[in-house]
């Protein structure tokens, strides 16, 4: 299935013992400039390409959903040894070169100290703030995983029913509010290919002017893309919830959040208050970033984010 830049995501449960080992300022002594280095690299990229926020949101979500937030998504496939990158849902994940640059600078400043998993988390946090989203602190201390298997990748598509999505989030320790926050927040930036929302174009309830505009765009060859948020496509804000409330959601899952009795009220509250959305989005992002993390002596600190230290 064609992937979208800001696809919605499901998450895995975090063990309390692992959470206890993450902390604010983890690199305060071992690499005091770690967060500043990552922030500078991200800011340099953002000045040239504001779409990098959507890329990082998607990268972190896709990584955390598979075996937790352990940077397993970053491993390059090799002949006879495919990785998570090899799968269809991850084929268009991008931004790896920005993580590489941050890692290069961190290795020069503090060799074998800052994990790739933490770099992804920090880069996403910084890009959200640059895109007008909330500024929030994240605990660090994650370590990098030792496995990247395409068979572990099981990412849902954009037409999953709300009830099924609620059940999946609940099974992973995430509540309905988290789900609505992360799906909508993830879709406040980024694009979707026309092939992913043909079902919406056939929906007579969809806003007529938007439907006509999308149909015209999608007549072009090579499966064009459209912004998921038609009003503020490069800003992490609550605008997409207002669009959903007005039958202007692009993806089926987005629009269904505004129709389902279990989520309609949350959508309405976010549409009415960007302050509330920002608060809840920051909380949900921090929560997502602690999914099944490796800490202490588990995993490793990769020297190169694309390769396990033992080279396998």
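Just so it is clear, glycine is given a Cβ too, placed from its N, Cα and C backbone atoms.
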TrEMBL annotation (region 'Disordered') - matching range among 86-109, 110-133, 134-157: 134-157
116, 194, 218, 305 screened against residue 62 (active site, proton acceptor), Cα within 10 Å - retained disulfide-bonded residues: none
Residue 194 (disulfide bond) versus residue 187 (heme b binding site) - Cα distance in angstrom: 15
Spatial separation of residue 305 (disulfide bond) from residue 64 (disulfide bond) - C-alpha basis, Å: 15
Cα distance (Å, whole number) from residue 218 (disulfide bond) to residue 69 (disulfide bond): 35
Those disulfide-bonded residues listed as 31, 116, 194, 305, and which of them has the most Cβ atoms within 10 Å of its own Cβ: 116
DSSP residue counts for the region 'Disordered' (134-157), split into helix, strand and coil: 3 helix, 3 strand, 18 coil
Which listed residue (69, 110, 218) has most other Cβ within 10 Å, given these are disulfide-bonded residues: 69
